[in-house]
RNA sequence: GCCCCCUUGGCGGAAUUGGUAGACGCAGUGGACUUAAAAUCCAUCGCCUUCGGGCUUGCGGGUUCGAGUCCCGCAGGGGGCACCA
C-alpha cells in the first residue's frame, strides 16, 4: 500500500500532516493534564475541577466505559472504539455546561496475569502494574478526556478493602421476603441480626429445630441455620468442578456443551463446599426493574431469558413407601394437563430415592428394571452413572432418554390414579423441585421416555377450530402442546377415577391453568409458584490472583467474619502462584487453593471478642467479577478511606433523578461496553447494587441507567493458496474478475480474502501506534467515529482512513496559510448562503450528537467545511462553530485552531454552538409531483406554501399527463409531495 | 429445536411519523496545475436505454395515492438459549 500521508518534498511548511498532527496532539495532551481540564468536581472535598471549584449545583453527567483487563498484549484499533465513543459523548456534555465524570480504571485480577507470572517467575502484581502503565499510556495518546485523579485498579489494597467490605455486608444479610422496601416493593436484603431476633423471639420458627429456643442451639447449629439464609453462603449442592483449570466455576462460565468457557475443559457436577451468592432471591426484581432502565432490548431480553422466570404450580403427590408415606412435590407450568400425566420422574439426586423398596413390585416389565435385581441396586447404579456424566456427555446422547423404575408409585391428587415413579437424568435436581409429572401427550421429552418404556399416552388438549396448531400431532402419536387450544375431557373421561367436581371441559389453556391452581389450593395439595432458570452464583475460585475472603474458621469449622477494621485482607506470598490442575477428565480430583500453600498465613491466632483463639483462614479467592461488580461507584472518590462511597457524592452523581435523564432508577448516565457481558458482569453488578440498595448504602436501585453496546471492528484477513495467513498490509487488490469479485495478490502470488476478527495469528493487526505514526490520533478518532453506526460491527479498512485526514487538512487550510502559518480568517459578515448552511448544520449536528450518531454528524461537518473551502476567505463566525462542533471528535486539531484564532482558554468547556432559528430551514424546497407513486414533475416552492396553491401548481405541471380529466384523488403534503391518482 | 437481530451502488454507509433512495467518505473516470510525479483543485460516478424513458434497497406476495421503512411467506448471514418440566 502506498503511504501518502508522510511529509513530501516541497510540501508547504505548515501543512497538516501526520508529523504536525503528532506535535499538536502531544502538546495539547500535556496542557490538558497540567491544567486539569477534564477534572470533574465533587460536591465537596478536594476533588474539584481544574479551577479549584466544587460542583456548585452544576448538572452532573457520569459517562463510563467497561474498564479493561490490562493485558500485556497491547491494543489494536478494534479495542478503543467504545472508549472513543464515550469520550466524544463526555466532551459533548462538557460543552453543554455539565459537570462530567469520566475516568478509567483497571480490572486487574484474573487468570492471564497469573499465568504470565507463572511463566516469568515474577509476582503477578509486578507484571500487572507494568501492563496498566503501558495501557494507560496508549489510551492517553488517544486524547481520552479522563479525570486521571480518579483512576484505580481492582488490585489496589484501598479498593480491595471495599470489595471485601461489600462481601461482608452480603454475608451478613438475608433476604426477608415480607419486608416492605422504601420504594414500596416487597422483599429486601436485611441484616442477618434481624433474622436472629426473629428466631430469638419465636416470630419465626427455626428450620430443622422447630420448637427449640435459639439460645439452646450450639454455635455450630446456629451457624448452619444462618448459612441457609445468608446472601453469601457456603453451598452444599453440586457445583461445577473443572479439573483442567483446577477451579470451580459459575454457571455463567460453563458452556452449553458443559465445558469451561475459558480453556474449553470438561466440567463435572461435584458436591464441594464452596461460596455461593443467593442471586436467585433477586430473580424477579432483576427482571422487573429492566423496565426502569434504558438498555438495548437485546440485552434486556438476554437477561430475561437467562433468569428464565416461569409461572406454574407445585403439586404434591403422596407416595407410599416402606418408610411411610412420602411427599413428592413436582413443578409444572401446565397444571391443566394433570389429567394427562401417566408417570412421574425424579432426578437421580432426588431425596425420594432414599425410600425405594428392596424388591421389585409384582409384574414390573423387565425393561423398567435395567437388569438389576432390586430397585435399590438399580437406583444406586444409575445415580453413580449420572454423577460421572458431564453436561457434554448428556448432550452427546442427543436427547436419547435413559432411566429406571424406582419401584415407587405416586398418587395423582386429582384423579387418584397410581403413577409409576422413574428416575432419569433428563430431570434436573436444581430446577423446580427435581421431580416432574410426566405428560407424554404434551411434552416431547416425556413422550420419548414413554415410548422407550412402553408407558401410556393421554391427550388432554385439542386445538381450537382454525388455530395454527398441528392437528396431525394431536390426532396422531407425537406429543401435542397447544397454546390457544381448549381443554377437553371427553377424550380422557375414562381415566378419571376421582374428579371431585373439577371439569376443564371447553376452557382455554390459560383459563384451565387458573382453575386447576384454584382447585389445588382449595384442596391443599398444591399452589401456584414461580420458578427460575437462574441458579445461585458460585462465588469462590481456587486461584491465587484474586481477593481473599474476609472469613476464618474456628476449630469446629464454624465460619467467622473478620471485622471491618481488619480489612483489607491482603494476599500472602506463596511458593507457587499456579493453580493445581488435574487431568481434565479426572472428575474425582479435588480443588487445592494456592493460598493454602502459605501455612503461616492460613493459621492465625485472633481475638474476635472472646479472647485469643486459633483460626484458619478461608483460602479461596473471589472470582474476578467481584472487582467489576461495583467499580463504577469508586470513581466518585477512589481515595475515600471512610466509605465505599460517600452518600452526598453518590446522590449527586448517581442518585434517582440526579439529572434530566437519570430517572427513578438513577445510576451511571451512560455505560458503554461490549455485548458479551450481557449476562455475566451486568447481571452480577445489578445484583450487588440491589443488595447495597436494600441495606441502605446507595440510593439508586440500578447501577447503570443507560447501557450502550458498541459494535465490533472486524477486519479482512488473507491466505495464500496453501491456506497460510499472509500479512494483510502487503496484499494488493486487483481489478474485479468476471465474477465481480476483486482479485488479491501478495508479492505476486494469488491470495484469498476472508472476513472476521483482527488478530495476531491472522496477520491483520493494525495498532493505534501505527495510526498515530501515519495519520495522528485525531484522524484515527475521526475514522473510527465515521465508519458507521456505533452499535454495529463494521470492517476496518486502512485505505479509507485518508478521507478523514483530507477533511482535517482542508479545515486546517481554511484557517491557516500552509506556507506562512498565518491565520487567514475573515471578520467580515458572512453571506446569506453560508449563514443558512452554518445554522442548519448546527441544528442537525446537535441532534446527531444527542443521539450518539457521530458518523452522520461528521458527514454534515464535512459538507459545511467543503462549502467554506469554496469561499474566497473563511468567515471566522462560521469556522469557529465548526471547530467547536468537531472538537469532541478531533479534539487536538480543534484546540490548536481555536488557540490560533486567538482564544486563550481551552475549548473543552466552551458552550456548544446554538443555531439561530432565523437561519434554520430552507429558502425553497423541491416539491415532487407523483402520479400513482411515480415522480412526474419537480417544483421549487417556498417551504411554507399553502397546500391549495401547491396543488394548483402541481396539476398545471402535469396537466398534459392527465389528459384533461379530473383526477380521482389528490393528496397534498405541503411543501414536499403532491400525489395524484388519475381518473380511470 | 426455540427466541432475537441483520440484508441498500465496486466498498464503508445516508435516508423524521411510510413521502425526491444512494448524504458523506473510499475506490474509479476525465480535466486543471506541474518538466514530471505526489499533493491540491474542478467535473463525473447505481443499472439498462431506441435518450421518450424504464428498472433498482436479499427473494416472492400483500396493505397504501405512495413501501428501504408496515404485514405475511421464503432465502442467506449473525447472535442468545438449549432435556429448565
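Including glycine, each Cβ sits where the backbone N, Cα and C put it.
Just so you know, TrEMBL annotations are computer predictions that nobody has curated.
As a whole-number mean, the pLDDT of the domain 'Methionyl/Leucyl tRNA synthetase' (A:67-171) in this prediction is 93. According to TrEMBL, the domain 'Methionyl/Leucyl tRNA synthetase' annotation covers A:67-171.
The annotation domain 'Leucyl-tRNA synthetase editing' is assigned in TrEMBL to A:304-492.
Taken from TrEMBL, the feature region 'Disordered' covers A:577-596.
According to TrEMBL, the feature motif ''KMSKS' region' maps to A:757-761.
Feature annotation from TrEMBL assigns ATP binding site to A:760. Shown in sequence order, A:73 are the residues of the chain, 6+ apart in sequence, with a C-beta less than 8 angstroms from the C-beta of residue A:760 (ATP binding site).
The annotation domain 'Methionyl/Valyl/Leucyl/Isoleucyl-tRNA synthetase anticodon-binding' is assigned in TrEMBL to A:832-945.
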Would you identify the secondary structure of residue A:760 (ATP binding site) according to DSSP, in three states?
-> helix
Please work out the helix, strand and coil residue numbers for the domain 'Methionyl/Valyl/Leucyl/Isoleucyl-tRNA synthetase anticodon-binding' (A:832-945) from the DSSP assignment.
-> 62 helix, 17 strand, 35 coil
Report the DSSP secondary-structure composition of the domain 'Methionyl/Leucyl tRNA synthetase' (A:67-171) as helix, strand and coil residue counts.
-> 60 helix, 5 strand, 40 coil
